[in-house]
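A.B. asks: Here it is: the structure, laid out below.
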Amino acid sequence: MIKLILISSFFVFINGDFETESLCVDHNATSKSIINYCISQNGSLKFRCCFLSNSSNILAIDLTEMKLNKVPDLKEFTDLTNLTMVDLRLNPQLESSTQDDFFGMLSLDYLYLPEQYPCPGEKHVWQSINQTIDPKGILCMYQKDVCINSTNFCVEPNSYCATNGPNHFLCLCKTGYYGYKCLRHGQFPMGKFFGISITTTIILSIFFFWTQRRHVKKD
């Protein structure tokens, strides 16, 4: 029961935004695309979400008719690592934000968007882009690996590009390198780092303790 409550923690709509409160609650899925896809994958529909069979992982989410003005932030939810389909149509006020939208959604291969919202990265990111009729919108299908054949993303010689969702990528250090621009070679000195951090914390704590004691009134 506790696990189910934690899984249900997600968003409550307030003035076009979401707050972390309730995932998949309040309304049943109405998107035919979500319902049919869930059935084809032998998933389990619970309100707006389709769960993988016998799992807490979410496969698809119906976010149609939510009066959204921006895409919800999904990064913090570990149960969305297998999220494959999202339907955001019938949200006429939805606007794109290339900085955060769909960040970390590596498995997202079916993205339904309202007419005014273009596919993130368009043909550079998606293998197929089609118009939908009922309801009207856009279907972005099959993410491409944006790092393939792209040499201008991570230019540092000891770094490499890693796709991190539609139109997003990360520059990571190659094995054996770390630090600013991946210029340091070898292993990160964990012992030294934590030793300095702990020592600094203790010294600052003692300092603030004694300085604050001067302001304590004595009876």
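Using the three backbone atoms N, Cα and C, a Cβ is placed for every residue, glycine included.
The shown structure was predicted, so the numbers you read here are calculated from the model rather than taken from an experiment.
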A.B. asks: The disulfide recorded in TrEMBL for Cys154 goes to which of Cys171, Cys173, Cys182?
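C.D. replies: As annotated by TrEMBL, the paired cysteine is Cys171.
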A.B. asks: TrEMBL pairs Cys173 with one of Cys161, Cys182 in a disulfide bond, so which one is it?
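C.D. replies: Between Cys173 and the options Cys161, Cys182, TrEMBL records the bond with Cys182.
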A.B. asks: Residue counts in helix (H, G, I), strand (E, B) and coil for the domain 'EGF-like' (143-183), per DSSP?
C.D. replies: 3 helix, 13 strand, 25 coil
A.B. asks: I'd like to know the mean pLDDT over the domain 'EGF-like' (143-183).
C.D. replies: 88
A.B. asks: Return only the integer: C-alpha distance in Å from Cys182 (disulfide bond) to Cys154 (disulfide bond).
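C.D. replies: Cα to Cα, Cys182 (disulfide bond) and Cys154 (disulfide bond) are separated by 11 Å.
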A.B. asks: Quick one: of Cys154, Cys171, Cys173, Cys182, which of the disulfide-bonded residues has the smallest count of other CB atoms within 10 A?
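C.D. replies: With the disulfide-bonded residues Cys154, Cys171, Cys173, Cys182, fewest surrounding Cβ atoms within 10 Å: Cys171.
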